[in-house]
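This report refers to the structure that appears directly beneath it.
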Amino acid sequence: MDIGDYYSKSIESFRRNWKITVPSIVASILTVLLFTVGFFGVMATLSPNLSIMWNFKLSIFSQINLNTLLTAGMILLIIEILIFVINAFRTAATVGMAKQIIMDSSASLDIAWKDGIKYFPKIFVVSLIKMILMVIVAIPLILSFYLLFNNMILGGISLLLAGSLIFFTGYILISLIFFVFNQSIVVGQKSVIGSIKDSYNIFWNNKLTVFLVALINGVISLVIGFILGIIFTPLAVVAGPLATQISGLLVSIILVPYFALVMTYMYMELKMGFQWINGDIKDHIVSTEK
């Protein structure tokens, strides 16, 4: 298979198995509900009167004590953790369905629930590790911004450029190294550390393929996001930010399962030796590496 086959086969698999979007639909609904609860929870904490939402003034912060801020921060933290868990479950369920579709040409919601429950803790932990690494590589950029805007010196601009270079280089490398860790966990049944090593090895041994798939995924996301943005822009005049949120959710519901299929096809070929003839599995060699 070449890279084009990953996408063409994924389109056909996606077209025949719309049920693969169910985990993303459910996750999107739960995320919206959590955001709503979090918003009203924070507003209720910051002010006894919810009219603060409509008559916001910076002066209100002088009337808020530390305990109130800590409570609001705790609410936001809990909401973020729950959303993180939901996304991990959605990913595990979607990749599990993608594997079943590739193997059996169809998928059931039972496998989504089973794999979601089984693998989301590992995906949660690896996602957390990835996020921490992203924050670490962002530190030079944040520091350079601070120095630039507080000292306003020529050297600050040089630091900003250096910080930006470190951040974007680190961001790209981390993204590529962790590119198929979800597949490593769900399809390859690796451990937390094993999935990171496995994903790294896939990238290192197939640099061009992984880079091109990541690049194509990014371009597809931008193009579809741009098109939906144009469609929903007139609605934003009436519905406001809600239209933008709906647009983002639609992109997620469509692209998350589609990209899961693309990356699972790639993983099963590059790592596990699967081959396809006329859409059917010809042969495979299952890796026993842990």
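Every residue gets a Cβ built from N, Cα and C, even glycine.
Automated prediction, rather than curation, is the source of TrEMBL annotations.
For reference, TrEMBL has these:
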- 20-46: transmembrane segment (TRANSMEM)
- 66-89: transmembrane segment (TRANSMEM)
- 123-147: transmembrane segment (TRANSMEM)
- 153-181: transmembrane segment (TRANSMEM)
- 210-237: transmembrane segment (TRANSMEM)
- 249-268: transmembrane segment (TRANSMEM)
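Most Cβ pairs within less than 8 Å of the transmembrane segment (123-147), among stretches 20-46, 66-89, 153-181, 249-268, belong to 153-181. A Cβ distance under 8 Å defines the sequence-distant neighbours of the transmembrane segment (20-46), meaning residues of its chain 6+ beyond its ends; these are 14, 52-53, 60, 64, 68, 71-72, 75-76, 79, 82-83, 86-87, 89-90, 93-94, 97-98, 101, 107, 109, 112, 116, 245, 249, 252-254, 256-257, 260-261.
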